[in-house]
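Enquirer: Before we start, here is the structure in question, set down as structure tokens.
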Amino acid sequence: MTERPDLPATIAVLGAGSWGTTFAKVVADAHPEVQVRLWARRPEVAEEINTHHRNAKYLKDIVLPGNVVASADVADVVVDAPLVVLAVPAQTLRPQLASWKPLLDPEAVVVSLMKGLERGSDARMSEVIKEELGLSDDRVAVISGPNLAMEIARKEPTASVVACTDEDVAQWIARLCTAAYFRPYTNPDVTGVEIGGIVKNVIALCVGICDGKGMGDNTKATVITRGLAETTRLTLALGGDVQTMAGLAGLGDLVATCSSPLSRNHTAGRLLGEGLTLDEVSEQMTQTAEGIKSGRAVLDLATKLGVDMPITEAVVAVLEGEIAVEELAPRLLARELKSEGELQ
Ligand SMILES: NC(=O)C1=CN([C@@H]2O[C@H](COP(=O)(O)OP(=O)(O)OC[C@H]3O[C@@H](n4cnc5c(N)ncnc54)[C@H](O)[C@@H]3O)[C@@H](O)[C@H]2O)C=CC1
Ligand SMILES: O=C(CO)COP(=O)(O)O
């Protein structure tokens, strides 16, 4: 096994949006002696972080610790970093990885914070990373859980999951991101952890639509519970672990995202439910709502595997203009009756 310094001098985070910046803050708060280098696409964002210790567009008045340093030059950020954390919109990852590949430390472990499925290939972000960078399973990890960035930036207590097939690597990453307000658990089920984070965004769109239409908590609980059932079916079909679905990256993230006005996916759904068109919603959203693009990929993957995902199917039908938001609930309720325990 590669010898890794327990506490590296530096780590790299690529993507200075709300979650990338917040995750950089978590590690920096946890380890003041570690320099956390953050790549911002726009030089003015890097400048604001270095000069004012703020990233106002994404994190308002949150003050970042002095050991978070930003640059708009990826080469400066990743040099000598044994851990490289990725937090860019899922659909943009693959082409960016191709240009970053020659710059990365050859021994670096790469972590995905992203919760999207690639359209066209239906690949999870860990799969895209392995393919594009040519890495083995033990060099790729995923962090996912009920992790609304703004709450964590405000140091509100939160738990999460570090998933890697190599337990030593997962524990190393977990130690690096354990802060007074952030508690990571480890899990070898990378597939289940990733699928939980991807599908909950689509389910949150559905809950948001129902909220926007003025429906109440029975409706929300129904969509969350049946959403978990279809997430579980997809996870099992992909070889993931049913137990992951009961954990932080499954039920935990689903509940947080479907309940919170901070969730971009929930917000996008609510705006659709209130009658805005998808174009109008996209214009209003200044941050990434992964479910809007990943929904189609999730449905394609489920179809390929013969997995029934009626909520995802109905949300995609709304997103693609096949049905109006008014038709979403009737369509789901008109389905053939079945036993609750049936997995298909
Ligand atoms: N914000 C949150 O609370 C959480 C987000 N996530 C996931 O983290 C990933 C990143 O999300 P956020 O940081 O929230 O997104 P965001 O919309 O706040 O920021 C995205 C960042 O990626 C950068 N970027 C790089 N290349 C880009 C390109 N080609 N097009 C557009 N933007 C580009 C943007 O400049 C921006 O800094 C997503 O997959 C999301 O699902 C996961 C957990 C929590
Ligand atoms: O993943 C998240 C919380 O765990 C953030 O959800 P949104 O992307 O919907 O804001």
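For all residues, glycine too, the Cβ spot is worked out from N, Cα and C.
Sharing the features that TrEMBL gives for it:
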{"type": "ACT_SITE", "residues": "K200", "note": "active site, proton acceptor"}
{"type": "BINDING", "residues": "S18, W19, R41, R42, Y58, K115, A149, R264, E290", "note": "NADPH binding site"}
{"type": "BINDING", "residues": "K115, G145, K200, D253, S263, R264, N265", "note": "sn-glycerol 3-phosphate binding site"}
{"type": "DOMAIN", "residues": "11-169", "note": "domain 'Glycerol-3-phosphate dehydrogenase NAD-dependent N-terminal'"}
{"type": "DOMAIN", "residues": "189-328", "note": "domain 'Glycerol-3-phosphate dehydrogenase NAD-dependent C-terminal'"}
Enquirer: Give the distance between the Cα atoms of A149 (NADPH binding site) and N265 (sn-glycerol 3-phosphate binding site), rounded to the nearest whole Å.
Expert: 13
Enquirer: Which three-state DSSP class does N265 (sn-glycerol 3-phosphate binding site) fall into?
Expert: helix
Enquirer: List the residues of the same chain that sit at least 6 positions away from S263 (sn-glycerol 3-phosphate binding site) in sequence and have their Cβ under 8 Å from its Cβ, in sequence order, or write 'none'.
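Expert: Looking at Cβ-Cβ distances below 8 Å from S263 (sn-glycerol 3-phosphate binding site), excluding near sequence neighbours, one finds L148, A204, G208, A256, T257.
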Enquirer: These are the binding-site residues: D253, E290. Which one scores highest on other Cβ atoms within 10 Å?
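Expert: Selected residue: D253.
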Enquirer: Please give the sn-glycerol 3-phosphate site's span as the largest CA-CA distance among K115, G145, K200, D253, S263, R264, N265, to the nearest whole angstrom.
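Expert: That value is 15 Å for the farthest Cα pair.
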Enquirer: Sequence gap of 6 or more, C-beta under 8 Å: which same-chain residues meet both conditions with respect to R264 (sn-glycerol 3-phosphate binding site)?
Expert: M285, Q287, T288, A289
Enquirer: Largest pairwise Cα distance, Å, within the listed NADPH binders S18, W19, R41, R42, Y58, K115, A149, R264, E290?
Expert: 22
Enquirer: What is the Cβ neighbour count of A149 (NADPH binding site) at a 10 Å cut-off, with all protein chains included?
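Expert: Result for A149 (NADPH binding site): 23 neighbouring Cβ atoms inside 10 Å.
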Enquirer: How many Å separate the Cα atoms of the residue listed as 'active site, proton acceptor' and D253 (sn-glycerol 3-phosphate binding site)?
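Expert: Per the Cα atoms, the residue listed as 'active site, proton acceptor' and D253 (sn-glycerol 3-phosphate binding site) stand 7 Å apart.
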Enquirer: Given R41, S263, N265 as the binding-site residues, which ones have a Cβ positioned under 6 Å from some atom of ligand 2?
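Expert: S263, N265, by Cβ distance under 6 Å.
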Enquirer: Mind running the binding-site residues Y58, A149, S263 against ligand 1 and keeping the ones whose CB falls under 6 Å of it?
Expert: Y58, A149
Enquirer: How big is the Cα-to-Cα gap, in Å, between Y58 (NADPH binding site) and K115 (sn-glycerol 3-phosphate binding site)?
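Expert: So the Cα of K115 (sn-glycerol 3-phosphate binding site) lies 18 Å away from that of Y58 (NADPH binding site).
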Enquirer: Taking DSSP three-state, what's D253 (sn-glycerol 3-phosphate binding site) in: helix, strand or coil?
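Expert: Reduced to three states, the DSSP call for D253 (sn-glycerol 3-phosphate binding site) is helix.
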Enquirer: Counting distance between Cα atoms, which of the binding-site residues S18, R41, E290 is nearest N265 (sn-glycerol 3-phosphate binding site)?
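Expert: It is E290, whose Cα lies nearest.
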